[in-house]
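Noted in TrEMBL for the protein shown:
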BINDING   His25, His73, Asp158, His162  Mn(2+) binding site
DOMAIN    12-81  domain 'Manganese/iron superoxide dismutase N-terminal'
DOMAIN    88-191  domain 'Manganese/iron superoxide dismutase C-terminal'
Amino acid sequence: MLCRAACSSSRNLEPHINAQIMQLHHSKHHAAYVNNLNVVEEKYQEALKKGDVTAQVALQPALKFNGGGHINHSIFWTNLSPNGGGEPKGELLEAIKRDFGSFEKFKEKLTAVSVGVQGSGWGWLGFNKEQGRLQIAACSNQDPLQGTTGLVPLLGIDVWEHAYYLQYKNVRPDYLKAIWNVINWENVTERYTACKK
């Protein structure tokens, strides 16, 4: 299966995230995950055909890393919009209030979890289908949320340094403060509605 990196109009997120970051992030970082995933998938298919279990097992970390990088970034691009920010509406806002007490408490908690990721990774708002509730989680590296926690991903915040370093240097909290201004709540709401079906 050949994958491609897709990016919406999220490249125009200035002044919150500058265009150079978005261009490099998409055309270099995400593209590398996609290219590497395609190479690894091809090798994995060859190993399957040959019945080479050792090669299949050896390729799994690269599949997880590059596949996760592609999945996570594909969600990330749609979660951002130059017309974003503010608060969600309707059912999603009510669920946030129910599960976190208020929208402000939710923002504080997701920000704290995202800032607290040691090294590289992601902060997430996910939906726990078994409990019917929203939850916040962090994943290391490019580990995909659903494969790691079982939560359905609704909102992902990339806290790898490549997502912010050119603009915010090593001050991750400033990046987290800025990203709330470009969150595409329509997309997050669509994801929430879809996962409840």
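Cβ coordinates are placed from backbone N, Cα and C, and glycine is handled just like the others.
Values in this document were obtained by computation on a predicted structure and should not be read as measured data.
Annotated features, which come from TrEMBL, shown on the structure.
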residue: His25; record: Mn(2+) binding site; Cβ within 10 Å: 25
residue: His73; record: Mn(2+) binding site; Cβ within 10 Å: 26
residue: Asp158; record: Mn(2+) binding site; Cβ within 10 Å: 26
residue: His162; record: Mn(2+) binding site; Cβ within 10 Å: 14
In the same chain, outside His25, His73, Asp158, His162, whose C-beta lies within 8 angstroms of the Cβ mean position for the Mn(2+) site?
-> His26, His29, His30, Phe76, Trp160, Ala163
